[in-house]
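Listed in TrEMBL:
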type	residues	note
TRANSMEM	102-128	transmembrane segment
REGION	134-199	region 'Disordered'
COMPBIAS	134-144	compositional bias 'Polar residues'
COMPBIAS	158-168	compositional bias 'Acidic residues'
COMPBIAS	176-192	compositional bias 'Acidic residues'
DOMAIN	212-280	domain 'Cytoskeleton protein RodZ-like C-terminal'
Amino acid sequence: MEIGQILKEAREEKSLTLDDIQEMTKIQKRYLVAIEQNEFQALPGRFYARAFIKEYAEVIGLNATELLAEFDEEKIETEDLTETAQYSRLERTKAPKEAKSISFLSIIPTIIVVILIIAIVVVAWMFLQKSSNDSENEAVQNDNEIIRDVNEGKQTENENDNEAGTNEDDAKNGTDEEEKETGSFEVDEIGEESSPLSTMSFTYSGDKVEIELKAEQDTYLEIKGASDDVYYADTLMADADSDTFDVTDEDRVYFNIGNTAGLTVYINGVEMEYPVDRNEKVHQKIWVNLVKN
């Protein structure tokens, strides 16, 4: 009997639907259908074919090791990820890109004219200033020099005060910016299952909470909030463009990661360290509580 038929009959004996299996395993229904029909070439690579078969077998009480051994013996071929596997983005926050091009040579005449006008104005002002100074008598000049010295002293004092205030504001702004960008993770509970479900907390300051992903290897990924809004649910390809998700309105976020060894997750620029060693448990499920400081 084929692998897909074995899984299907076991599922039907337990009166479970494919939707039930999808909810229990977080494997997309189209992949479950492909497995039951032994159409493994429709799965995103041999690695995921083995992972999906193992998890499907475990939730319906079958021996996953025996099924995987049969899968390996039959040398079942799967679809080449590099050519056909694609993923869909359910929600993305990407900054719009605008392309602008302008010829520098076309504005050179305008620049020259502006420079000439400025030069003429400066020369005229200097000439008038010199003529005005020459027409004043020596006594008035001396009085002006005294007044100017006093004013310069006050100006220097004011400039020093302003500089001190500016430095204080810069230091304060720098502190505020540092606080805004900082955040920290804390492990609340570590899961112990074959695909452990752990709980963490992320404490942050600021007005936004953004998730950024960096995939070094292909991995199945699901991200959803406590509101049941799904931000992502598909295969994330290695070296894909970095995705950013705004989850500011969520109190907690759920991650279902099929290959933790190949995915790094950042929240507000802070790297999330997996509760369980990513090399020991590649499939992990994590709830992250978002705590505003």
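For all residues, glycine too, the Cβ spot is worked out from N, Cα and C.
What you see is a predicted model, and the numbers here were worked out from it, not measured in a lab.
Mean predicted confidence for the domain 'Cytoskeleton protein RodZ-like C-terminal' (212-280): the pLDDT average there is 92. Residues in the domain 'Cytoskeleton protein RodZ-like C-terminal' (212-280) partition by DSSP class (helix H, G, I; strand E, B; coil) as 3 helix, 34 strand, 32 coil.
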